[in-house]
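For reference, the structure is listed below as structure tokens.
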Amino acid sequence: MTQTSPSRLHSPLDRLLVEAQRALDTVFGNPPAERPNPAADTPDIALDPEQRRHAAGLMRINHVGEVCAQGLYFGQAAVARDAHTQHHLLEAAQEETDHLAWCADRLHELDSRPSLLNPLWYAGSYALGALAGLRGDDWSLGFVVETERQVEAHLDEHLETLPDIDQRSRAILRVMKIDEARHADQAEQAGARQLPAPIPGAMALASKLMKTVAYRL
């Protein structure tokens, strides 16, 4: 029997306030991680200016990716029809909050900053998540699978191109990659729909644009 999503038991104003707070926390706040930073015990070896600039650009991309993931998952969860689906999305979002905090910490260590366009990234991802969720929970889960698979691929790219001595960034990205793969597997097991071919392609193009811009801004 399908269970009603808990969000549907709250008033529209309650739901609006919850979503607004989530957006503010993600974009402007500094939400704490529930798990220890994977780089905590890894030596912070000094990078030269070019290595530091490149590492910061990559970690800014990863931070934006987590902002987008939060927007996507919260948008999907807001319109989820089934309580189990909503729980899955919010649980994944919590792990993405850990990633967000770890990437923010590493950016600070690299004397850099998050993307100036984070409000735009979040808003666009939230809208996409809500639209996907309105098509049905299977569509919503399908977007989770495709998103996480594409994130896995760009994490692999970053692990290849990070400076060899930047082991702190590498430690963070390795754990993130494990988490993303698990999120995709869990979404598939929960009944994700395979998305029509044009959608993954469009998502890949949007991701490429985001990475190009976020590396600098």
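Using the three backbone atoms N, Cα and C, a Cβ is placed for every residue, glycine included.
Quick caveat, the model's predicted, so the values are computed rather than measured.
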Check your understanding: If Swiss-Prot says GLU96, GLU180, HIS183 bind Fe cation 2, which of GLU34, GLU50, GLU146, GLU148 does it name for the same site?
Key -> GLU148
Practice item. Kindly point out which candidate in GLU19, GLU66 is recorded by Swiss-Prot as part of the Fe cation 1 site with GLU96, HIS99, GLU180. Key: GLU66
Practice item. Name, in the order they occur in the sequence, the residues of the same chain whose CB lies under 8 A from the CB of GLU66 (Fe cation 1 binding site) and which sit 6 or more residues away. Key: GLU96, THR97, HIS99, LEU100, CYS103
**Study point:** DSSP three-state assignment (helix, strand or coil) for HIS183 (Fe cation 2 binding site)
**Key:** helix
Practice item. Would you count the other CB atoms within 10 A of the CB of GLU148 (Fe cation 2 binding site), including those on all shown protein chains? Key: 23
